[in-house]
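S.K.: Handing you a structure now.
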């Protein structure tokens, strides 16, 4: 019975999950990318600085909807996947996203007080003059929970679940290795969101290792006569386009001395919100002064 189940898993195929990929793309753009935009655009009187912002409520919805969609995606896999690993990953994902919710909420609210994301915590003018100086350590701790611990516990399980799902996206039927028009239409918005996720989350190493693992798996399965189905192609090509977008982003900002100072490491990938507070805010200020 167990052997028959494995064979059945190997040869079962799955149609393109347009509904799930569409919901993923929509909620990623609205609830994740749209969080800080909603916070900045909506009147401050509606969401005082000592209360959760509109973006925080977006984040809360994201923390509930995304794990549900990830579970539904795993359920639709034509292959039986390791459930325990999936459930532990989902739990870690929710914990990390919740930690990030708190840190990100405070950090983005600081923008209204003049905080500049293109500067480090200690270099920010509004932080420099805090008394006692130990308060600066508290803000650095907040930044650590937001940008490091929260991101790690959020994104590592997220990419792990996508990769686990990807392992089941292979078929021996060449005709099923094609993407429908719906997949092609979703690929652009999906890739652009992954670009935002990788650059803003500063998770290029995690992303590139996941992508390399996908490539290695594709080559390994090809030797067995298996090819990616439509869902696997959608995910794989989205990651390829994401890599191209990241390369264009880095080349464009390669000679930006201020951003270079904030991101001094070997891997130079500026955050979009750091770029915004450095350049776009200056443009808005210049327009208002005219």
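Here the Cβ of each residue, glycine as well, is placed from N, Cα and C on the backbone.
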S.K.: Looking at the ranges 154-173, 174-193, which is given as transmembrane segment in TrEMBL?
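M.R.: Of 154-173, 174-193, TrEMBL gives transmembrane segment for 154-173.
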S.K.: Among 20-42, 86-103, 203-220, 232-254, which stretch has the most Cβ pairs under 8 Å to the transmembrane segment (57-74)?
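M.R.: Most contacts with the transmembrane segment (57-74): 20-42.
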S.K.: If we skip the immediate neighbours and take only residues 6+ beyond the ends of the transmembrane segment (203-220), which ones have a Cβ under 8 Å from one of its Cβ atoms?
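M.R.: Result: 151, 155-156, 159, 162-163, 166-167, 194, 197, 228, 235-236, 239-240, 242-243, 246, 267, 269.
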